[in-house]
Amino acid sequence: MIAAVSWVPKGVSKSVPAVADPPSKEEIEQIIKAGALERREDSGSEADDEDMDVDTAKQTDEATHALAVAEALGRTPKNNNSATKFDDIADGLKELDMERYDDEDEGIELFSTGLGDLYYPSNDMDPYLKDKDDDDSEELEDMTIKPKDAVIVCARNEDEFSHLEVWILEESDDGDSNMYVHHDIVLSAFPLCTAWLDCPLKEEEKGNFIAVGSMDPSIEIWDLNIIDEVQPSVVLGGIVEKKKKKKKGNKTLTNYKEGSHTDSVLGLAWNKQFRNIIASASADRQVKIWDVATGKCDITLEHHTDKVQAVAWNHHEPQVLLSGSFDHSVVMKDGRIPTHPGFKWSVTADVESLAWDPHSNHSFVVSLEDGTVQGFDIRAVKSDSSSDSKPSFTLHAHDSAVCTVSYNPFVPNLLATGSTDKMVKLWDLSNNQPSCVASKNPKAGAVFSISFSEDSPFLLAVGGSKGKLEVWDTLSDAGVSKRFGNYSNQNGPHLGT
């Protein structure tokens, strides 16, 4: 499945991303201690857990270490049970017979074809190297990200394997398009949400990073300009030395880093004005505001009574933060005065997602588990923060939960909604009287995440339960073209129809 999709602005990616250095021995040991072995321990019985107290790595044999490193680096095969994988690696080590590695038979030339020192006078005459330069140039071309290429990052999970896929959408002069995976990033936990950010973490004017919230309480920040990286650039919060199990009845004691969430991270929002700031929503009922540059949590807000599903910064008032919860409420807070109770709106069901209108500083929409979408105008809020204001409109958008919404950043009043009913719909919200402009089943399964591009705003990325990234050129729909086609000439390129 694809749980989240994010567009990367054109031109910010390095034309040829750097390749990460191989992890050092110390980094590999840190990876093992941080999670690889721990995940294997967690699959055992409670009785086994109680006996695993300290320094498990020292008590494991070569096969266990090899499996742990392979798993941490995302190299273990899929759909095999643990026992099978363990036996395969153990047999492989046995077959290598490393203890007698140096006892070579005399007369055998290890790096020879068996014909002595036969060689070709030049590389041009070697048939095996004939096309080497062409292959290298083609490989370099495939790895090159052109300034006009669109980049989409999607968070995927399949067969208990979690990763980020970095997709390239390239458009040719004749209007044809080509999509392919440029590289991927292996994750240690099931991803739930993402947010792109350009915070200058590495002494550069701008960066190219993706923040990932997952089933773990930590938030990982990955550098998209580096491939084959095995560890994030920054980790916000998380568990100290993973889990420590101690005998105390049947309870499991967990030590968290200072300021960390204590449950899954369900929503993320980057502040475009204050570029080192990111907000997070969690199943622990908290909203946190982080300084990515220092890696610290600056503010913790506890104004909800159930899981917090989504957060969003106002586009025009960057200190104003919106949050939505399973407690059937949306709350607006000002980050400059976190002790103020803020302003609250009650809704009819669990909040699935929310978004500020980029064309207005006072309007937002919230999508709900019951299939409805409600719009609100903060100017109608009452001075008493405990008093609810009525919505500007209530739209019965889908037959089941509306998991995701996206405002078009270029076209006013154009909103996209995606639902577990497998449909994506486009709405004209003019005059607070929503009308459906287009609807489509993008064959993505239950739709979990949609996002309009800011560079080519009629392109809509869609991710869902089938795990296949889809990009819909919404302008190719007759209803959209008729209603909003006048914006197309003012806009950037879009996919051919």
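Note: Cβ is positioned from N, Cα and C throughout, glycine not excepted.
Under the heading region 'Disordered', TrEMBL lists 1-61.
Residues or ranges marked as compositional bias 'Basic and acidic residues' by TrEMBL: 23-43.
TrEMBL lists 44-54 with the feature compositional bias 'Acidic residues'.
Confidence across the repeat 'WD' (258-300), taken as the mean pLDDT and rounded to a whole number, stands at 95. The repeat 'WD' annotation in TrEMBL covers 258-300 (among others).
Through the fold, the repeat 'WD' (395-437) approaches residues 352-359, 365, 367-375, 444-452, 454, 457-458, 460, 462, 464, 472, 474, 477, 479-480, 483-484, 487, 490-491 of its own chain, all at least 6 residues removed from its boundaries and within a Cβ separation under 8 Å. Annotated repeat 'WD' per TrEMBL: 395-437 (among others), in sequence order.
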**Item:** Helix-strand-coil residue split for the repeat 'WD' (258-300), DSSP-based
**Value:** 0 helix, 22 strand, 21 coil
